[in-house]
Amino acid sequence: MNSKFIVIEGLEGAGKTSAMKTIVEMLQQHGIQNLIFTREPGGTPLAEKLRGLIKQGVEGEPLTDKAEVLMLYAARVQLVENVIKPALARGTWVVGDRHDLSSQAYQGGGRGIDKNLMTSLRDTVLGDFRPDLTIYLDLPPQIGLLRARERGELDRIEKESMDFFDRTRSRYLEFAAQDKSIVTVDAAQPIEQVQADIYQVLEQWLKQQENG
């Protein structure tokens with residue numbers, strides 16, 4: 001089986017870190033040991049610097065919505081071209097904490113940036129490059145933000161309004177309904193059930209990949 005790019009998506013507090021551990025365990029059970037992890041924004045020295053600016057902002061200078069999305073795509077193209085594509089080319093599997101769907105949901109849905117602009121940015125920056133599988137962890141924003149607050153201080157985006165996260169979630173669900181490579185898992189369930197659902201999704205998907 002050729003190397004694959006698997007992405008975990010979801011709102012704050014959805015449990016992406018736990019989900020990534022579950023995915024790694026499952027892949028290793030199938031004999032896939034050669035893999036790396038990425039996160040967005042971030043994953044390269046330049047992209048990590050952009051991550052800090054996006055997450056925390058700059059004191060005294062509001063970050064405009066368009067500047068935010070352009071910084072995200074700058075970080076993304078650095079990661080894809082310098083890390084993800086080379087890894088896949090040498091036979092390494094890549095498990096990513098967020099990818100382009102986050103921008104489509106957060107900036108396109110949450111910020112309300114024009115859909116045509118978001119599509120144009122994606123196509124210009126990424127071309128036809130897409131994850132092989134995206135697991136979207138869905139849960140009500142109220143639950144996710146409560147979990148996020150329990151982790152500690154919230155960043156600039158996590159401090160957004162509930163309406164912002166409602167719009168973001170709606171855009172996630174919209175994309176998931178349209179794209180067969182995006183599988184939705186109910187992340188409001190107990191963690192054991194979420195893990196079991198992820199196992200099932202991966203088991204079925206890996207069988208499909210093995211059977212061609």
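Don't overthink the numbers, they just go from 1 along the chain as shown.
The backbone N, Cα and C atoms fix where each Cβ goes, glycine too.
Here Swiss-Prot flags G10, L11, E12, G13, A14, G15, K16, T17 as ATP binding site. Secondary structure at G13 (ATP binding site), taken from DSSP and collapsed to helix, strand or coil, is coil. Around G13 (ATP binding site), the same-chain residues at least 6 positions away in sequence with a Cβ under 8 Å from its Cβ are L139, I143, G144, L145, L146, R147, A148, R151.
Taking a C-beta cut-off of under 8 Å and a sequence gap of six or more, L11 (ATP binding site) has these contacts in its own chain: L137, L139, P141, G144, L145, F165, T168, R169, Y172. Cβ neighbour count for A14 (ATP binding site) (all protein chains, 10 Å cutoff from its Cβ): 26. Residues G10, L11, E12, G13, A14, G15, K16, T17 make up the record's ATP site, and a Cβ search at 8 Å around their centroid adds L137, L139, G144, R147, A148, A187 from the same chain.
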